[in-house]
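Participant: To start, I am sharing the structure in question, which I have written as structure tokens.
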């Protein structure tokens, strides 16, 4: 009713009665004190000077409460709360805050006390079972684990306070209470448990939170006082017994795990604390630590290395740590590919990490905005802290490191095509007809343009030759000219040979001396022919004839032109080798073909010119009068002098004679032509590497290049089977081939009686007298011929013309093969066995109409043997075994392995076809970059002639070398001064806006001006000069923002994560509401019980009649 004065009057009377009836520290007195205080608080709304009175009553109530009630009583909390409210209304917040803290402390203690009483009543333990919210548990541990898994942090706290259970207990599956709480993301339970577990358990808890992506829990663990006390340090992970019982292996650190799963916030926090992932040593590191670790447990060492590289390959870790993430990704990708080749057991893992890095750099490229940023990124070179730029240097580095995803990215391809058609933008989008006409005009004017560039390279006309697109066209024209010379040289070689001169036409005087002193000298001619017969296989050769066809002593025009082109190609490859470096040079497959082609042509010209030199020197000997004077007295020479001049004459006649019939197989001219033929194959096939410029042919060239690798692998496999079967077949049939040779020897040395035996065996019965029988020969011959009776002999009288016995057309071949083809093909020589098995792969083993198997019936006469009585002529078992082995070889090598090769090539085609666009763009970019680099402006063969510009550059290099020694110390100081920026990571890269970073050196500025990077007019007071450091920071920030939004770091989708969070929130809210209901019930019990006790005390200790009489008297007063 708002009548505070009457209420205050009655409360004071009640207090007076209580003081009379109750002791001074009785709890009921606090009710009166608080009631009076509340009345004064109510009057605060009208009278502002009553706070001190209310505070005095509340302080008296607090004093009585602290003495009369236990600390876990709710009345103590109410007394503290009343005092705190008064102080708060008075504005004395410094005094109100401690009162409220005591209030919350005693409320919590009262709640625990009341919850204990209620739970003791609600948990029925008939035997060892516990009931908790209609759930039954066997013991307290199960109840504790259930509470941890479902987020009832109050019950968890009570059980731990009462020491009813240990904090580090585990369930039957081995999961601890803390793991259950973290898995279900119950943050409050984790907070309670962390205070009760030892520090050794923090590692598993932190790693599990990082693994599951619970950032708030991981952040709380890392900021926990215990964790900070130990500075996040754990046991040595390299220790063999470290964390063997842990859920995570010993090589996993929080930073490595967070980096593996790209937990952005956790990685950033760990990096900000100074943690880094140590880069492991190389696979074959010879240091003592690596040697000891490998000797003790090489598998654990490999696992530690793999785990470290998994962390180092993280997109988030690279983006936050390194000042040049693109360069770091390239270098790390190269290391991973090398490790994949060395550590084959983890090859798939390293290849997966390599692919991950390739995707990372393409994502960085996706965040590049504008022409200027793309220009800076692709032109960057040098160290990360250096502002150095070259034309597409970073793009060239990507090609060298085989970063196909980066190279084929749309941004890079757009910049590449812009550079490719630089200063020819009109041709880029022109119609095909206009482009063809332009290139034809360029080809026509090419000689004049090259001359203009040679003398005036800085003019506009001369600079056209420096344009990359036109450089390629000039190289194509030069190479096609070279191919035309090769074709023309091969075509006109026959007509050129027809112009061979004879000695009689070359010089009549020398020819006369030759006839008189050599040809008509019978003794000398005989000796020369004898010497030639000893050196040649054919005994009918005659080196000395009436005339000599002379070899060529000088090259023809085609050979001279080809030699000039080859010198130009060699010079071009030499410049490319020294300019790009050996490692870069060997990365391109086309360079292998170029080297092979140049080597073959060099060998061709070496042997060709050596043959011409020897021919020229031999002819010079014929021109010498001393030679003819000495050779004229050949018959009168002593033996030693004869030998000398005989050898000299033979040498002269050999190298002058153009008749190849007299040449040896290793003749210089033969070797030269052989190398020339192989060089022609390599040079014409070199055109295939120019096909990537054509869009519809380029992917086919890439497929062909990959299939060559498959064929090489297949050849290694088939060689094993090939050699195995060839050796076995040769070992089976070679003894029988030796036996047949013995037959032939015995046949040639036989006497007349033996011949009669043969005749009798062919046309008569084999019954002969013992006197004329040659036993050894008969036995051998009987093995080779079937039994033929006399009745089977042909009767010439009864044969007409049509039925006459005719000799087969293949008689000569059958006679050379013999009656046993298997012995002929597999047993005579090991080389014949190799050839037979090789051509079997192509389905062509024997000659035409010749049986392949050794026991086929072959007859050189009209007598046809009876197949039933015919024997193979040698061991049947060996014959059949050879057939089985040969059949097995045919099945394995022809049927299985060849089809395997087809399947391998088909798989390669499918792989390339799925990535045809990427592979083609990479091959085309690699070709384009060869002409985008500086140098090789003049095509072959004009590159042989040094230009005036090259002399100027040579003088500048000499000058720079002399001055480099003086400036090297300054460069080292400058490099050391800026190297700290590399460790300034965390994507908090400090920008220096000083003059040294804004202004650039003159030489660099000229280069950038040429590349159109810094050619815009801008005010440094308003606009910031773009550097690579600024650009890469922008790109990383954009990437991390995209990463934060698109990649949550978990394996679930966004809806699944939201549902999981909602489920955990509902579960936590459920237990919080249940605990709030329990608290309200406790408060009701606490308030109701004292009131009932108070009424009982009043009835027991007070005389109500006297009180009523007293009050009546007071009223009367």
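Each residue, glycine too, has its Cβ placed from N, Cα and C.
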Participant: Labelled region 'Disordered' by TrEMBL, one stretch among 966-986, 987-1007, 1008-1028. Can you tell me which?
Facilitator: 966-986
Participant: Under TrEMBL, which of the candidate ranges 436-456, 499-519, 520-540, 625-645 is annotated transmembrane segment?
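Facilitator: Within the set 436-456, 499-519, 520-540, 625-645, TrEMBL attaches transmembrane segment to 436-456.
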Participant: Out of 557-574, 714-740, 881-905, which stretch touches the transmembrane segment (595-614) the most, going by CB pairs under 8 Å?
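Facilitator: Stretch with maximum Cβ contacts: 557-574.
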Participant: Quick one: find which recorded stretch in 436-456, 476-494, 557-574, 714-740, 881-905 has the most Cβ pairs under 8 Å with the transmembrane segment (674-702).
Facilitator: 476-494
Participant: Which sequence-distant residues neighbour the transmembrane segment (557-574)? Criterion: at least 6 residues beyond either end, Cβ under 8 Å.
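Facilitator: For the transmembrane segment (557-574), the sequence-distant neighbours (Cβ-Cβ under 8 Å, at least 6 residues beyond its ends) are 478, 481-482, 485-486, 488-489, 492, 591, 594-595, 597-598, 601-602, 605, 608, 936, 940-944.
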Participant: I'd like to know the mean pLDDT over the domain 'Transient receptor ion channel' (285-347).
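Facilitator: Computed over the domain 'Transient receptor ion channel' (285-347), the mean pLDDT is 89 on the 0 to 100 scale.
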